[in-house]
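J.: Heads up, here are the entries from TrEMBL:
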{"type": "TRANSMEM", "residues": "21-45", "note": "transmembrane segment"}
{"type": "TRANSMEM", "residues": "65-91", "note": "transmembrane segment"}
{"type": "TRANSMEM", "residues": "103-124", "note": "transmembrane segment"}
{"type": "TRANSMEM", "residues": "136-154", "note": "transmembrane segment"}
{"type": "TRANSMEM", "residues": "166-188", "note": "transmembrane segment"}
{"type": "TRANSMEM", "residues": "194-216", "note": "transmembrane segment"}
{"type": "REGION", "residues": "280-315", "note": "region 'Disordered'"}
{"type": "COMPBIAS", "residues": "280-293", "note": "compositional bias 'Polar residues'"}
{"type": "COMPBIAS", "residues": "303-315", "note": "compositional bias 'Polar residues'"}
{"type": "DOMAIN", "residues": "367-407", "note": "domain 'UBA'"}
């Protein structure tokens, strides 16, 4: 009996650790959607036609509340389970980059844009003179999956990966990944809203290409919200991520125009935002990269280790941009070490590079876990170089690998 007790305790501990690793907003959405479904199940509520997104009801009776009720209600246990299962990795990655308040604003913006696109397409298709589909106006869409498809598009573009795996079965070009998932879900599942998912994909591309730049506030907007007294109990939680508190490892590649950043809701140049309709992949400049106001300046690229190594041409430029972007936040002694990494002048690991690690205050804030050190040493790097690279990368093992690879290159 004792081994069973140990096993159960170990499982509960692992589940608790997994839950604690999920950031504040992502876990809050999971709790809210799960609680709403559980309450509906307990009270026997199944009148989803009253709260789903129904184009005819929104237009004729102006029931705009359906925009938001439709995304938090779900029709079945499997529906809410798989939606939340997909939200946890997507939302966690984006929240660590954007911050909790910024991600909440993005979700609201995507929910509204999805609804507007849904209405427009439903009206056009149902009233077209060639082959109208009036039943599209009475299609009841419900669930969080529309926003999930938007987040898939945004995360895929941020990752920089060239290909994506579909359920581990086959790889597809990253730019078609969301559309492939759309087709797969249509074939595998019944009662799936094709239009709802398609509008989510279109909103994700619109957000990524800069169409919403005029609607995206600057960092000060989110910081002001985080400073509200009524939000202090949430901000103090360890899982809450400030909008400038993402992983401080550099520049995020996005699709945008040349200068389409926005410092406020009504700021920016209209022509520049319109020019982003024909975007090109933006390459990291050799000087300080321009911050995209949709994301915090200090954050990490979502690319996997495989995609980072295959794109070795862009890796050095991204590494240089990361190191330059962090210089504003380092002490003069740390800047010396960071600049030596940038210039590639560290084959001997002289005392000037190791000096920042000997500073007690710095050592306290950048404690080096033995697990990460041993992992990098097992990859063939020297232990001293590993310790310095981890300290320079703010404990991010992916960036530390890039630093070590750049030294060897």
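Cβ from N, Cα, C; glycine included.
Remember, TrEMBL labels are computer predictions, not curated facts.
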J.: Do you know the mean pLDDT across the domain 'UBA' (367-407)?
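T.: Across the residues of the domain 'UBA' (367-407) the model's pLDDT averages 77 on the 0 to 100 scale.
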J.: Do any residues, 6 or more residues outside the transmembrane segment (65-91), come within under 8 Å Cβ-to-Cβ of it, and if so which ones?
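T.: Long-range Cβ neighbours of the transmembrane segment (65-91): 22-23, 25-26, 29-30, 32-34, 36-37, 40-41, 48, 51-54, 57-58, 103, 111-112, 115, 141-148, 151-152, 155, 191.
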J.: With DSSP as the yardstick, break the domain 'UBA' (367-407) down into helix, strand and coil residue counts.
T.: 29 helix, 0 strand, 12 coil
